[in-house]
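Q: The structure is given below, and queries will be raised subsequently.
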Amino acid sequence: MKLLKPTWVNHNGKPIFSVDIHPDGTKFATGGQGQDSGKVVIWNMSPVLQEDDEKDENIPKMLCQMDNHLACVNCVRWSNSGMYLASGGDDKLIMVWKRATYIGPSTVFGSSGKLANVEQWRCVSILRSHSGDVMDVAWSPHDAWLASCSVDNTVVIWNAVKFPEILATLRGHSGLVKGLTWDPVGKYIASQADDRSLKVWRTLDWQLETSITKPFDECGGTTHVLRLSWSPDGHYLVSAHAMNNSGPTAQIIEREGWKTNMDFVGHRKAVTVVKFNPKIFKKKQKNGSSTKPSCPYCCCAVGSKDRSLSVWLTCLKRPLVVIHELFDKSIMDISWTLNGLGILVCSMDGSVAFLDFSQDELGDPLSEEEKSRIHQSTYGKSLAIMTEAQLSTAVIENPEMLKYQRRQQQQQLDQKNATTRETSSASSVTGVVNGESLEDIRKNLLKKQVETRTADGRRRITPLCIAQLDTGDFSTAFFNSIPLSSSLAGTMLSSPSGQQLLPLDSSTPSFGASKPCTEPVAATSARPTGESVSKDSMNATSTPAASSPSVLTTPSKIEPMKAFDSRFTERSKATPGAPSLTSVIPTAVERLKEQNLVKELRSRELESSSDSDEKVHLAKPSSLSKRKLELEVETVEKKKKGRPRKDSRLLPMSLSVQSPAALSTEKEAMCLSAPALALKLPIPGPQRAFTLQVSSDPSMYIEVENEVTTVGGIRLSRLKCNREGKEWETVLSSRVLTAAGSCDVVCVACEKRMLSVFSTCGRRLLPPILLPSPISTLHCTGPYVMALTAAATLSVWDVHRQVVVVKEESLHSILSGSDMTVSQILLTQHGIPVMNLSDGKAYCFNPSLSTWNLVSDKQDSLAQCADFRNSLPSQDAMLCSGPLAIIQGRTSNSGRQAARLFSVPHVVQQETTLAYLENQVAAALTLQSSHEYRHWLLLYARYLVNEGFEYRLREICKDLLGPVHCSTGSQWESTVVGLRKRELLKELLPVIGQNLRFQRLFTECQEQLDILRDK
């Protein structure tokens, strides 16, 4: 054995409370007290192991120093993969660190340039839950969980896959919890506290397995820490600071029955730390000796307040070695090297010691295969870690389930290979740019600073920012919901490169996440992801959502009509006996202002309507003044016969102003009985002529000419329709105020509240419909005709079936605010009217329930906090367009989401995500949008699978499956919005098959579908 105390490992005379060696053995970390804060230092292991490296000045001894903790650091622990370092301190925080590959060293802050950080480590997550000092942290096998204990008497289990999610808070101790340890087979976690107890908790349900108190009855809270340890074979748990006949011991607790019949004795003061060697040993065979197999044994190091260290072998009754007065103060922590032959010990006196053993002294270490066989023979399975998405001990009972699991593993392997290629490509690019190294570029930048001289001759130098270039593997955020799959754990164990598959600090879309199964999501407005863009996107004239490429395309086009601006609605109080405002005759100056306003609005409309190839047509009829009197302005000349010009065919019909002839009809409407606060919508006035292009059929044009003089002197209005060169025309006795068309019908609204409907060949389908009040907006989609009147009543008819869909429904219930206006109108292909209001809310009318339903809200906090990027199957699946996507108009709310998710607890985020996805499914169902319903249902089910919500998932499967056997009394419907429910269930099965936890549900649904198929 060799003993070394490297004096250069220190915290400037301050105490060192913790030490831990990196799994690859190249570095080690110390944690303790700094000058004015807690200090975490990462040291090079090579100068400790090799004397030549210690003397070589070119080999750095200190790699990095982090002073982020506000108070003393009590514990530092490397993850088993070596990718992360966790530190806990008196500031009640746990910080998780990850290396950042910077170019070149940097100096330690406050060291006046004397200390340099060779490696750069950044804090990727700060875990806040404890209300007192954090005394110990411990990573579980395979890094699935991180446990922390505190003087607040609790143990917190963190989900290391999705920081900062808390899986459980273990409450049961009545004193300061000062030590933690996981058993090597992942079934228990043990904690020791000042309440004179050691408690063992089950990881299956995070409940108490046993509480051991007898060996600690005589103990007092005299130690700073109580670091207990579990043997690598899982047979023994050794505690710190127990008492036997008033003498300090380290109590040995047998896993079988939790018996306390043995202990390590000999120390004169309380035991502070116990640490088992990670290796299992067997006796070294000497030359010529018998080949009889030896019994495996373990090695354990014990540190005490008496400043001595003892090393024990479980095959010996006495310690292998005892070193007295190794330090000036109490021993605080112990760490073994991964090969099991070296040990680092730290003390409160601020120094560390390294002991180097030989195989002749300890024995031959067993291989990992032999160690795994010992676990299997004793416990059946090794490392039986159970998380939400990984059940290593579960047996796959269904061949279809096995097929899905293998497919998922192959996809993860492909993603890993692609990521490896991208990383190698990026490293080659960042290392050399155009044949010049980054270091040379950095030096040349100093020579290229910009220098100018002012008029008075003084020099002005523009400084250049020469920042460190980070080439590390950085993710965008720390929130994600990627479950740790069974194949993922195996990959992490098999190769170091698999470490990148553990997304500790990766985010998570609603919506591109750095996870194995999700590609970066493109920003396209055709994607109904619940994300949001700027407020102007909702009111844009063009709608990119309709023209974006999509895998889940809708067979029919939606025709939203952006019909109202901020001056849409007017509220007036009816004053009995007072003269009507409509009787006021405007002056010539006012008439001129009206004409100028018309010209200005027309020019704006022409500029905003330049794209004639949109799938979604938005028409914006504007009320030209807040005055109720609107005069006719002769601004549109009589159109020539034949095909209209391009600029005229795009001219919105809604730019007309009201004529004096229409005042009588408006006055008639205002004379109707109304409440004290009446809602009045603008009325379009007749034009001499106008042309309208039908948005659903670009080859279809509607031309209207009012007051056409005939031979008898009778004035008529002419309606023309041109479709693919085929033209028809008809005449009407009243002047046409507005017109609309679709691929199925053409309708016009005339004076005297008349609405006429024609087929696309010019045949009148219905006698003129008398509207309850003058028309305000007219719109057609397919066979559906929607009329919105000046009295704010809405009607929708199916003219082919000649039935009413919505009958004179009032908008008063949704326009409740004094300044509320309608900013956009939609009529879906199923005749569902949708109103977008100025406050960002959108309501659709449900004909079945005769209610207005809220389907979108731009200020919805659920959409801002929802995070379901882990549930996105692919980039293409997000390109789902439809009425819901057009209404919501969201493509990316990552900015608002990122700002909120850092302050939103994961439990709240999980609940808001569920609520948001359920709202999306319900909204798509109400809008009868089959493609969007399928999209959001699959997304919702995938999130339930990832988060482990079995009850809700089972309810969905039950509804989609329906009764297996025929029943006359069953009310179950086999379709939903035109989709067969059992076909949807078949699409859900591969999603359910990704989580072994739901294999029973998968098998049940699969078997019942097979029974139905055989029938």
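Cβ coordinates are placed from backbone N, Cα and C, and glycine is handled just like the others.
Predicted, not measured: the structure shown is a model, and the values here were computed from it.
The following feature annotations were taken from Swiss-Prot:
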type	residues	note
REPEAT	11-53	repeat 'WD 1'
REPEAT	68-107	repeat 'WD 2'
REPEAT	129-168	repeat 'WD 3'
REPEAT	172-211	repeat 'WD 4'
REPEAT	220-263	repeat 'WD 5'
REPEAT	266-322	repeat 'WD 6'
REPEAT	326-367	repeat 'WD 7'
REGION	421-479	region 'Interaction with ASF1A'
REGION	421-727	region 'Interaction with CCNA1'
COMPBIAS	603-617	compositional bias 'Basic and acidic residues'
REGION	736-1015	region 'Interaction with histone H4'
Q: Between the repeat 'WD 5' (220-263) and the repeat 'WD 4' (172-211), are there three or more CB pairs that fall under 8 A, provided the residues in each pair are separated by 6 or more in sequence?
A: yes
Q: Give, as a single whole number between 0 and 100, the mean pLDDT over the repeat 'WD 4' (172-211).
A: 90
Q: Same-chain Cβ contacts of the repeat 'WD 1' (11-53) under 8 Å, 6 or more residues past its ends?
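A: Sequence-remote neighbours of the repeat 'WD 1' (11-53) are 4, 59-78, 80-82, 85, 87, 89-91, 97, 110, 119, 121, 224-225, 329, 332-339, 342, 344-352, 354, 356.
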Q: Within the same chain, where does the repeat 'WD 5' (220-263) have neighbours whose Cβ lies under 8 angstroms from its own Cβ atoms, ignoring anything closer than 6 residues to its ends? I mean 6 or more beyond.
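A: For the repeat 'WD 5' (220-263), the far contacts come to 17, 74, 135-136, 175-176, 178-185, 190, 192-194, 198, 200, 210, 212, 214, 269-280, 296, 298, 300, 302, 304-305, 314, 330, 332-334, 348, 371, 374-375, 378-379.
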Q: State the non-local partners of the repeat 'WD 7' (326-367) in its own chain: residues 6+ outside its ends, Cβ under 8 Å from one of its Cβ atoms.
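A: For the repeat 'WD 7' (326-367), the sequence-distant neighbours (Cβ-Cβ under 8 Å, at least 6 residues beyond its ends) are 1-7, 9-21, 23-25, 28, 30, 32, 48-49, 75, 223-225, 227, 272-285, 296-297, 299, 301, 303-305, 307-309, 311, 313, 320, 374.
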Q: I'd like the per-state residue tally for the repeat 'WD 4' (172-211) from DSSP, helix first, then strand, then coil.
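A: Each residue of the repeat 'WD 4' (172-211) counted once, the result is 0 helix, 22 strand, 18 coil.
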